[in-house]
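Asker: Shown below is the structure under consideration.
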Amino acid sequence: MHHERVAILDFGSQYTRLITRRLRELGAFGLVYAPGATAEEIGGPDLKGVILSGGPNSVMEAGAPDIDPAILALGVPVLGICYGQQLLARNLGGVIHRSARREYGKALIRLTDPESLLFDGLDPEQQVWMSHGDHVEKAPAGFRVTAHTRGVPVAAMEDRARRIVCIQFHPEVTHTAHGSRILLNFLHLCGMKLDWNAGHFIEEKVKDIRRQVGKGRVVLGLSGGVDSSVAALLLHKAIGRQLTCVFVDTGVMRKDEMAQVQEAFSPFDMQVRWVDAGRDFLSALEGVSDPEQKRKIIGRTFIEVFDREAAQVQADFLAQGTLYPDVIESSGVGGAVLVKSHHNVGGLPDVMKLKLVEPLRELFKDEVRRTGLALGLPEDMVWRHPFPGPGLAVRIPGCVTADRVQILQEADAIFIQELKAAGWYRTTSQCFAVLLPVQTVGIMGDERTYENMCALRAVTSEDFMTADWARLPHELLEKVAQRIVNEVKGINRVVFDITSKPPATIEYE
Ligand SMILES: Nc1ncnc2c1ncn2[C@@H]1O[C@H](COP(=O)(O)OP(=O)(O)OP(=O)(O)O)[C@@H](O)[C@H]1O
Ligand SMILES: O=c1[nH]c(=O)c2[nH+]cn([C@@H]3O[C@H](COP(=O)(O)O)[C@@H](O)[C@H]3O)c2[nH]1
Ligand SMILES: NC(=O)CC[C@H](N)C(=O)O
Ligand SMILES: [Mg+2]
């Protein structure tokens, strides 16, 4: 039994995965295909619609990616977005122009056809998000123009008879005010049931994992964070005893982290190896202060530990809880720039013996949480704030030493404890203390001190790609600062970070 599906042909847009994400939110399953996929490859009784994504090319260049014309004869509705619209317009006899001025960012469209299928239920003026240099000047025969902007005569067009609908803007980004409604209208046009949910995702992934792994053995890096915990439960469901989880104590974890994870996983019947590699990590990091170098060293040390553990259980696969935002920020997918090397993606060595299993690679954090709940992961694990693999090493700018790690662990534990006590843990997305490489003068009990400065970072974020600083109450901040200065030897000053992302990142390195 196959689930109803929308095929998305990816012409290289930065937002292709956001399309699949929006579809999942609406209850529809979308599968991404290479632009050259044929009608035969994407067809089938489960296919309900086709979406052509945006892309960096111009349809007027020789060799620009094209679609198999037989796709339009499959009889399912087709939605062209941006490059997708331009491609359909060109192929069906419309006229494309290179615009004198690129349209980039917010734009207002005016709807021109009250009978439009795609804009059903929307007001005549809509805020959308554009990103293009070419535009459709004249729609092909059979199409009605359904929207225009000041600069673009064909911001949307539809051929109702053939159920081909096209838009120049991006409905998948949140800046398009009613983007989800527009996608929903398309899904209705496709006649989809909209019953896709976390349960189906789990079924689908269990099948994929079995297919990929066969009779092989898998080691999984289990950090106790929500991503790897959800990945562990999924793999456990799929392959049971073929899975061995490896928890690596990096020596730069939060206070009592290993004990907490041990307790959380004790009810599950999983094989877990608890590896104390603190000395390996700290000695590899000795004297290193450059942020990217620290990340690379940590990535490499992780792999060394995993290789060693994998050899012990004769595994051929390494499973990780990598999510989509890790992938974009680390590797420049779809032209995105390298921000920082997440240890599990950009930090991996070029040659690896183990093959990767990453069942959550397409998902965003909130979707992973929903999947975790569906798999029976306890609530307090599901709602844990994320903790990066490089751990406290990226919260201690400059050189990392065992002493500095211990100071930070104590300060961080106080912050988290007080957040929970004040009921602020669940309303924030990620909170932690940072040990700055700055010493300042203080006065305690009439004695001069010259000690470290600690920053408190608290952010709210939906997907960790952007974040705002959390407006924590002054009383709470005061209590945390007081306790840290009084109880943690080595810190005599506490500051609160009020930068959003961008321009800052959440972590300090
Ligand atoms: N200490 C660790 N031991 C074993 N594996 C780890 C450790 N830290 C990170 N990993 C691996 O690296 C992956 C990425 O780490 P990341 O922090 O993004 O995810 P997570 O720890 O599972 O979840 P969260 O983002 O909620 O902390 C993890 O899913 C896990 O596979
Ligand atoms: O597992 C991880 N390995 C890493 O190398 C890494 N770097 C950042 N992060 C987490 O990613 C989110 C975004 O962080 P930044 O705004 O600092 O890029 C935040 O939630 C960070 O904690 C990491 N997680
Ligand atoms: N975002 C897009 O799909 C852009 C399409 C095309 N490259 C243009 O500039 O018009
Ligand atoms: Mg983590």
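Even glycines carry a Cβ here, placed using N, Cα and C.
For Cys82, the entry in TrEMBL reads active site, nucleophile. The active site feature in TrEMBL is assigned to His170, Glu172. Under the heading ATP binding site, TrEMBL lists Ser223, Gly224, Gly225, Val226, Asp227, Ser228, Ser229. The domain 'GMPS ATP-PPase' annotation in TrEMBL covers 196-384.
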Asker: Could you tell me which of the recorded positions Cys82, His170, Glu172, Gly224, Asp227 have their C-beta within a distance under 6 angstroms of some atom of ligand 1?
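Answerer: Result: Asp227.
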Asker: Beyond the listed site residues Ser223, Gly224, Gly225, Val226, Asp227, Ser228, Ser229, identify every same-chain residue whose Cβ lies within 8 Å of the center of their Cβ atoms for the ATP site.
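Answerer: After dropping the recorded site residues, what remains is Leu222, Val230, Ala231, Ala232, Gly321, Met381, Arg384.
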Asker: Between Gly224 (ATP binding site) and Glu172 (active site), what is the CA-CA distance rounded to a whole number of Å?
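Answerer: A Cα-Cα distance of 32 Å.
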Asker: Enter the number of other CB atoms within 10 angstroms of the CB of Cys82 (active site, nucleophile).
Answerer: 25
Asker: Among the recorded positions His170, Ser223, Gly225, Val226, Asp227, Ser229, which have a Cβ atom lying under 6 Å from any atom of ligand 3?
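Answerer: Cβ < 6 Å from ligand 3: none of the recorded positions.
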Asker: Under a criterion of Cβ-Cβ distance under 8 Å and sequence separation of at least 6, what residues of the same chain contact Glu172 (active site)?
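Answerer: When sequence neighbours closer than 6 are ignored, Glu172 (active site) has Tyr15, Leu18, Ile19, Arg21, Arg22, Ile81, Gly179, Leu183 within Cβ distance under 8 Å.
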Asker: Report the recorded positions (His170, Gly224, Val226, Ser229) that meet this criterion: Cβ distance to the nearest atom of ligand 4 under 6 Å. Use sequence order and write none if nothing qualifies.
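Answerer: The qualifying recorded positions: none of them.
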Asker: Which residues does Ser229 (ATP binding site) neighbour through Cβ under 8 Å, counting only same-chain ones at least six apart?
Answerer: Leu222, Ala264, Phe265, Gly321, Gly372, Leu377, Met381
Asker: Please list residues from the chain of Ser223 (ATP binding site) whose Cβ is under 8 angstroms from its Cβ, counting only those at least six apart in sequence.
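Answerer: Result: Phe247, Val248, Val261, Gly321, Phe387, Gly389.
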Asker: Around His170 (active site), how many other C-beta atoms are within 10 angstroms of its C-beta?
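Answerer: Counting Cβ neighbours of His170 (active site) within 10 Å gives 23.
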Asker: Including all protein chains shown, what's the count of other C-beta atoms within 10 A of the C-beta of Ser228 (ATP binding site)?
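Answerer: Total other Cβ atoms inside 10 Å, all chains included: 23.
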Asker: Asp227 (ATP binding site) to Cys82 (active site, nucleophile): how many Å between their Cα atoms?
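Answerer: About 33 Å separate the Cα atoms of these two residues.
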Asker: What are the non-local neighbours of Gly225 (ATP binding site), defined as same-chain residues 6+ apart in sequence with CB under 8 A from its CB?
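Answerer: Result: Gly321, Arg384, Pro386, Phe387.
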Asker: Could you tally the C-beta atoms, other than its own, that fall within 10 angstroms of the C-beta of Asp227 (ATP binding site)?
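Answerer: Around Asp227 (ATP binding site), other Cβ atoms within 10 Å: 23.
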Asker: Could you round the CA separation between His170 (active site) and Cys82 (active site, nucleophile) to a whole angstrom and send it over?
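Answerer: Spelling it out, the Cα of His170 (active site) and the Cα of Cys82 (active site, nucleophile) are 7 Å apart.
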